[in-house]
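In Swiss-Prot this protein carries:
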{"type": "DISULFID", "residues": "CYS244-CYS246", "note": "disulfide bond"}
{"type": "DISULFID", "residues": "CYS277-CYS280", "note": "disulfide bond"}
Amino acid sequence: MADRLVRAMAAGGGIRLVAVTTTETTRMARERHQLSFLASALLGRAMTAGLLLASSMKVAHGRVTLRTQSDGLLKGLSVDAGRDGRVRGYVGNPSLELDLVGDPASFDFKQALGTGYLNVMRDEGQGPPYSSTVELVSGCIGEDVASYLLHSEQTPSAVFVGEHIDSSGIRCSGGVLVQVLPKAAREPALVALLEDRCREITGFSQRLEACQGDLHSLLRDVFPDLDPEVLADEQAEQPVEFFCPCTRERSRGALALLGAEELADMIEKDNGAELTCHFCGEVYRFSGEDLAALIEALPRSA
C-alpha cells in the first residue's frame with residue numbers, strides 16, 4: 001500500500017491532527033542506504049517527523065530539514081521533507097545495530113543518538129529560512145520534535161512516531177502529530193483533556209500496525225474523545241514517497257565548480273570521478289573523457 005498523509009481537525013477547529021504512513025518510504029531508504037534495522041527505524045522516525053512538520057507549511061514548495069548533532073554511535077542523521085510529500089534522508093552510520101532484531105521494541109535509540117541537539121530549519125521558499133536548535137530529550141525522535149515545537153514555535157504538541165520491524169523486514173512505519181491551536185490554547189479544560197489523553201497513549205507502534213494503513217481509523221483509535229474529522233478540501237490527503245531530486249546534470253555542475261586545475265588532477269590520478277549523493281545513495285560516475293569535455297566547456301579566463 002502506498003504511503004499517505006491525512007490532515008484532520010477536532011474541537012471545532014481548535015486542535016490540528018496529522019497522520020502519515022511511511023512504510024514504503026522507510027523500505028526505500030533502507031534499500032538505498034543498506035541500512036541496519038536500527039538505522040532504518042531511526043531514519044524512518046525522522047522522515048515521519050519531517051513530513052508531519054512540513055504538512056503545515058503555507059506553500060507547496062516549502063521544506064523542513066531535520067539534523068541531529070550528537071555524540072551517539074549513529075553519527076547523526078539528516079532529513080529533508082517537503083510540503084509536497086516528498087522526503088529523503090541519511091544517517092552517518094548506516095550499519096549500526098545494537099539490539100536483537102527479534103525484539104524491536106528494545107531498540108536503544110538513546111544510545112544510538114547519544115546526547116546532543118536537534119536542529120530544525122523551515123524554508124518557506126521566500127526570505128531566509130527559519131532555524132532553531134533544541135537539546136535532544138530522549139532520542140526517540142517524537143519527544144524531541146515535540147520539544148522543538150513547544151520551545152521554538154510555542155505550540156503545545158504531541159508527536160507519536162513508531163514502526164514494527166521483525167526478521168522479515170519493515171512491517172509498518174508512521175506517525176501522528178496533534179497540536180493545540182492558539183484559540184484552543186485559551187481553553188484550559190480542552191488542553192488538560194488532550195494532555196491526559198496523550199499521557200494515556202501506549203503501544204503506538206502496535207496501533208499503527210493494527211490500522212493497516214487506514215489513517216482515519218488510526219486517528220479515531222488514538223484520540224476517540226476528540227472525534228477527529230478529516231478535512232474536506234483537496235489538501236486533506238496526499239501521497240508520500242522517498243524522492244531525491246539529484247541528477248547526473250547536477251553532479252556535473254558540482255564538478256564544474258572545482259575548476260579546470262582540479263579536474264585535470266582527477267584525470268591524471270584517477271582517470272575519472274565518482275560522486276555519491278548523501279541523501280539517496282545514487283552514484284554518478286564520470287570518465288576521464290567526461291572530465292576532459294567538462295574542462296573544454298568551462299569559460300576561459302580573460
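One is the number of the first residue shown, and numbering goes on along the chain from there.
Cβ coordinates are placed from backbone N, Cα and C, and glycine is handled just like the others.
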Inter-residue C-alpha distance, CYS280 (disulfide bond) and CYS244 (disulfide bond) (nearest angstrom): 6
Cα distance (Å, whole number) from CYS277 (disulfide bond) to CYS246 (disulfide bond): 7
Integer Å distance between the CA atoms belonging to CYS277 (disulfide bond) and CYS244 (disulfide bond): 9
